Amino acid sequence: MKLFVGLGNPGARYAGNRHNIGYMAVEAIAADHGFGPWRARFQGLTSEGRLGSEQVLLLKPETFMNLSGQSVGEAMRFYKLTPADVIVFHDELDLAPGKLRLKQGGGHAGHNGLRSIHAHVGEAYGRVRLGIGHPGHKDAVAPYVLSDFAKADQDWLADLLRGISDGAEALARGDGAKFQNAVALRMQPPKPEKPKPAAKAPEAQAPEAAPDERSALQKLADRFR
(Lines of atoms letter the chains of each structure in order from A and count residues from 1; the text may use other names and numbers.)
(Lines give C-alpha, C1' and ligand atoms only; values in the text may rest on other atoms or scores of the structure.)
Protein backbone atom coordinates (compact mmCIF):
# COMPACT_ATOMS: atom_id res chain seq x y z
CA MET A 1 0.00 0.00 0.00
CA LYS A 2 1.03 3.59 -0.69
CA LEU A 3 0.04 6.53 1.49
CA PHE A 4 -0.48 9.81 -0.39
CA VAL A 5 -0.74 12.71 2.05
CA GLY A 6 -2.07 16.12 1.04
CA LEU A 7 -1.16 18.90 3.46
CA GLY A 8 -3.48 21.77 4.30
CA ASN A 9 -5.76 23.23 6.94
CA PRO A 10 -9.32 21.95 7.50
CA GLY A 11 -12.49 23.99 7.04
CA ALA A 12 -14.12 26.11 4.34
CA ARG A 13 -12.21 29.19 5.51
CA TYR A 14 -8.92 27.70 4.27
CA ALA A 15 -10.15 25.64 1.31
CA GLY A 16 -8.86 27.99 -1.41
CA ASN A 17 -5.60 28.96 0.33
CA ARG A 18 -2.20 28.50 -1.29
CA HIS A 19 -1.22 26.48 1.80
CA ASN A 20 -3.95 23.97 0.88
CA ILE A 21 -2.63 22.97 -2.53
CA GLY A 22 -1.69 19.58 -1.06
CA TYR A 23 -5.33 18.96 -0.15
CA MET A 24 -6.31 20.00 -3.68
CA ALA A 25 -3.88 17.50 -5.23
CA VAL A 26 -5.21 14.43 -3.40
CA GLU A 27 -8.80 15.59 -3.92
CA ALA A 28 -8.16 15.68 -7.68
CA ILE A 29 -6.73 12.15 -7.60
CA ALA A 30 -9.73 10.86 -5.61
CA ALA A 31 -12.24 12.47 -7.97
CA ASP A 32 -10.60 11.35 -11.22
CA HIS A 33 -9.71 7.78 -10.25
CA GLY A 34 -12.93 6.61 -8.62
CA PHE A 35 -11.72 6.49 -5.02
CA GLY A 36 -14.15 5.79 -2.20
CA PRO A 37 -15.88 8.45 -0.08
CA TRP A 38 -13.83 10.48 2.38
CA ARG A 39 -14.03 9.04 5.90
CA ALA A 40 -12.87 10.45 9.23
CA ARG A 41 -9.86 8.40 10.38
CA PHE A 42 -6.38 8.93 11.80
CA GLN A 43 -7.15 12.53 12.87
CA GLY A 44 -7.93 13.33 9.26
CA LEU A 45 -10.00 12.36 6.24
CA THR A 46 -9.10 9.30 4.16
CA SER A 47 -10.18 7.90 0.81
CA GLU A 48 -9.16 4.47 -0.50
CA GLY A 49 -8.72 3.25 -4.05
CA ARG A 50 -6.32 1.80 -6.59
CA LEU A 51 -3.90 3.39 -8.99
CA GLY A 52 -3.03 0.68 -11.48
CA SER A 53 -1.97 -2.34 -9.44
CA GLU A 54 -1.22 -0.30 -6.31
CA GLN A 55 -3.63 0.07 -3.39
CA VAL A 56 -3.48 3.69 -2.26
CA LEU A 57 -4.77 5.51 0.81
CA LEU A 58 -5.25 9.26 0.42
CA LEU A 59 -4.99 11.24 3.65
CA LYS A 60 -5.84 14.86 4.47
CA PRO A 61 -4.71 15.51 8.07
CA GLU A 62 -7.26 17.63 9.97
CA THR A 63 -4.93 18.50 12.83
CA PHE A 64 -4.06 21.84 11.20
CA MET A 65 -0.79 22.12 9.34
CA ASN A 66 1.58 22.37 12.32
CA LEU A 67 0.47 18.99 13.73
CA SER A 68 0.20 17.02 10.47
CA GLY A 69 2.73 14.45 11.67
CA GLN A 70 0.30 13.13 14.29
CA SER A 71 -2.15 12.07 11.59
CA VAL A 72 0.51 10.68 9.24
CA GLY A 73 2.18 8.70 12.02
CA GLU A 74 -1.12 7.17 13.14
CA ALA A 75 -1.98 6.00 9.60
CA MET A 76 1.50 4.56 9.08
CA ARG A 77 1.39 2.59 12.32
CA PHE A 78 -2.06 1.19 11.54
CA TYR A 79 -1.01 -0.11 8.12
CA LYS A 80 2.58 -0.93 9.16
CA LEU A 81 4.00 1.35 6.49
CA THR A 82 7.56 2.63 6.19
CA PRO A 83 8.56 6.17 5.15
CA ALA A 84 9.37 4.75 1.69
CA ASP A 85 5.63 4.03 1.26
CA VAL A 86 4.66 7.66 1.92
CA ILE A 87 4.45 10.59 -0.49
CA VAL A 88 3.50 14.05 0.80
CA PHE A 89 2.05 16.76 -1.47
CA HIS A 90 2.80 20.25 -0.13
CA ASP A 91 3.10 23.90 -1.10
CA GLU A 92 6.59 25.15 -1.91
CA LEU A 93 7.56 28.81 -1.61
CA ASP A 94 10.93 28.29 -3.29
CA LEU A 95 9.44 27.15 -6.60
CA ALA A 96 7.74 29.42 -9.12
CA PRO A 97 3.96 29.10 -9.35
CA GLY A 98 3.00 25.95 -11.23
CA LYS A 99 6.43 24.31 -11.00
CA LEU A 100 6.65 20.81 -9.52
CA ARG A 101 9.59 18.85 -8.16
CA LEU A 102 9.95 15.41 -6.60
CA LYS A 103 12.16 14.88 -3.59
CA GLN A 104 13.02 11.81 -1.52
CA GLY A 105 14.10 12.50 2.04
CA GLY A 106 16.03 15.56 3.16
CA GLY A 107 15.19 18.58 5.28
CA HIS A 108 11.89 20.35 5.82
CA ALA A 109 13.11 23.83 4.71
CA GLY A 110 11.04 25.50 7.44
CA HIS A 111 7.70 24.10 6.24
CA ASN A 112 5.69 23.54 9.42
CA GLY A 113 3.74 20.58 8.07
CA LEU A 114 6.91 18.79 7.02
CA ARG A 115 8.58 19.72 10.31
CA SER A 116 5.80 17.93 12.18
CA ILE A 117 6.02 14.85 9.93
CA HIS A 118 9.80 14.76 10.46
CA ALA A 119 9.24 14.72 14.22
CA HIS A 120 6.84 11.76 14.04
CA VAL A 121 8.15 9.51 11.25
CA GLY A 122 11.61 10.78 10.28
CA GLU A 123 12.69 12.39 7.03
CA ALA A 124 12.94 9.46 4.58
CA TYR A 125 9.49 9.90 3.00
CA GLY A 126 8.85 11.23 -0.51
CA ARG A 127 7.54 14.68 -1.32
CA VAL A 128 5.85 16.32 -4.28
CA ARG A 129 6.79 20.00 -4.00
CA LEU A 130 4.14 22.23 -5.56
CA GLY A 131 5.36 25.72 -6.40
CA ILE A 132 3.29 28.67 -5.23
CA GLY A 133 5.98 31.36 -5.55
CA HIS A 134 7.33 33.63 -2.82
CA PRO A 135 5.82 36.98 -1.77
CA GLY A 136 9.29 38.54 -1.71
CA HIS A 137 9.78 39.15 2.02
CA LYS A 138 9.72 36.68 4.90
CA ASP A 139 7.31 38.87 6.90
CA ALA A 140 4.75 38.46 4.12
CA VAL A 141 4.92 34.65 3.99
CA ALA A 142 2.21 33.83 6.56
CA PRO A 143 -0.50 36.07 5.07
CA TYR A 144 0.54 34.97 1.57
CA VAL A 145 0.19 31.21 2.14
CA LEU A 146 -3.05 31.73 4.08
CA SER A 147 -4.59 33.73 1.23
CA ASP A 148 -6.56 32.24 -1.64
CA PHE A 149 -5.02 31.75 -5.05
CA ALA A 150 -5.61 34.80 -7.25
CA LYS A 151 -7.89 34.68 -10.28
CA ALA A 152 -4.80 34.89 -12.47
CA ASP A 153 -3.56 31.64 -10.90
CA GLN A 154 -6.64 29.57 -11.68
CA ASP A 155 -5.64 28.38 -15.15
CA TRP A 156 -2.19 27.08 -14.24
CA LEU A 157 -3.55 25.64 -10.97
CA ALA A 158 -6.22 23.66 -12.83
CA ASP A 159 -3.64 22.37 -15.32
CA LEU A 160 -1.24 21.40 -12.53
CA LEU A 161 -3.92 19.44 -10.66
CA ARG A 162 -4.99 17.68 -13.88
CA GLY A 163 -1.38 16.75 -14.57
CA ILE A 164 -0.93 15.35 -11.06
CA SER A 165 -4.05 13.24 -11.55
CA ASP A 166 -2.88 12.09 -15.00
CA GLY A 167 0.45 10.93 -13.59
CA ALA A 168 -0.78 9.54 -10.26
CA GLU A 169 -0.63 5.90 -11.39
CA ALA A 170 3.01 6.31 -12.46
CA LEU A 171 3.84 8.00 -9.14
CA ALA A 172 2.26 5.13 -7.18
CA ARG A 173 4.43 2.55 -8.94
CA GLY A 174 7.58 4.61 -8.43
CA ASP A 175 8.02 6.01 -11.94
CA GLY A 176 8.80 9.60 -11.05
CA ALA A 177 9.96 10.52 -14.55
CA LYS A 178 6.68 9.46 -16.16
CA PHE A 179 4.74 11.30 -13.44
CA GLN A 180 6.64 14.52 -14.10
CA ASN A 181 6.17 14.09 -17.84
CA ALA A 182 2.40 13.81 -17.37
CA VAL A 183 2.41 17.09 -15.45
CA ALA A 184 4.61 18.78 -18.06
CA LEU A 185 2.23 17.78 -20.85
CA ARG A 186 -0.61 19.57 -19.05
CA MET A 187 1.44 22.63 -18.16
CA GLN A 188 3.14 22.97 -21.58
CA PRO A 189 1.08 21.10 -24.17
CA PRO A 190 2.88 20.44 -27.46
CA LYS A 191 2.45 23.23 -29.97
CA PRO A 192 0.16 22.35 -32.87
CA GLU A 193 2.04 21.72 -36.09
CA LYS A 194 1.83 24.52 -38.61
CA PRO A 195 -0.09 23.46 -41.72
CA LYS A 196 2.22 22.81 -44.63
CA PRO A 197 1.75 25.17 -47.60
CA ALA A 198 -0.27 23.59 -50.37
CA ALA A 199 1.85 22.34 -53.24
CA LYS A 200 1.63 24.58 -56.31
CA ALA A 201 -0.23 23.05 -59.22
CA PRO A 202 2.02 22.65 -62.25
CA GLU A 203 1.51 25.41 -64.81
CA ALA A 204 -0.47 24.33 -67.85
CA GLN A 205 1.76 24.06 -70.88
CA ALA A 206 0.68 25.38 -74.24
CA PRO A 207 -0.15 22.55 -76.64
CA GLU A 208 2.63 21.79 -79.06
CA ALA A 209 2.05 22.89 -82.65
CA ALA A 210 1.43 20.08 -85.11
CA PRO A 211 4.47 19.38 -87.30
CA ASP A 212 4.42 21.14 -90.68
CA GLU A 213 4.36 18.36 -93.24
CA ARG A 214 4.25 20.59 -96.39
CA SER A 215 6.97 20.18 -99.00
CA ALA A 216 9.39 23.01 -99.65
CA LEU A 217 7.63 23.78 -102.94
CA GLN A 218 4.24 24.01 -101.20
CA LYS A 219 5.63 26.32 -98.52
CA LEU A 220 7.06 28.61 -101.20
CA ALA A 221 3.80 28.60 -103.13
CA ASP A 222 1.82 29.40 -99.96
CA ARG A 223 3.98 32.46 -99.28
CA PHE A 224 2.91 34.07 -102.56
CA ARG A 225 -0.79 33.34 -102.32
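Just so it is clear, glycine is given a Cβ too, placed from its N, Cα and C backbone atoms.
Within 10 Å of the C-beta of N9 (site 'Discriminates between blocked and unblocked aminoacyl-tRNA') we count 22 further C-beta atoms, all protein chains included. According to DSSP, N9 (site 'Discriminates between blocked and unblocked aminoacyl-tRNA') is assigned to coil rather than to any helix or strand. Per Swiss-Prot, the feature site 'Discriminates between blocked and unblocked aminoacyl-tRNA' maps to N9.
The Cβ of N66 (tRNA binding site) lies under 8 Å from the Cβ of N112, G113, R115, S116, each of these being in the same chain and 6 or more residues away along the sequence. Residues annotated as tRNA binding site in Swiss-Prot: Y14, F64, N66, N112.
Taken from Swiss-Prot, the feature active site, proton acceptor covers H19. Spatially close to H19 (active site, proton acceptor) yet at least six residues away along the chain are L7, G8, N9, M65, D91, V145, L146, judged by Cβ distances under 8 angstroms.
Other Cβ atoms within 10 Å of the Cβ of D91 (site 'Stabilizes the basic form of H active site to accept a proton'), summed over all protein chains shown, number 24. Secondary structure from DSSP puts D91 (site 'Stabilizes the basic form of H active site to accept a proton') in a beta strand. Annotation source Swiss-Prot lists site 'Stabilizes the basic form of H active site to accept a proton' at D91.
What Swiss-Prot records for 184-225 is region 'Disordered'.
Marked as compositional bias 'Low complexity' by Swiss-Prot: 198-209.
The annotation compositional bias 'Basic and acidic residues' is assigned in Swiss-Prot to 211-225.
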An 8 Å radius from the center of the Y14, F64, N66, N112 Cβ atoms defines the neighbourhood of the tRNA site; name the other residues of that chain inside it, in order.
N9, H19, T63, M65, L67, S68, G113
Which value in Å gives the longest Cα to Cα span across the tRNA site residues Y14, F64, N66, N112 as recorded?
16
Tell me which residues of the chain lie with their Cβ under 8 angstroms from that of Y14 (tRNA binding site), as long as they are six or more apart in sequence?
G8, N20, L146
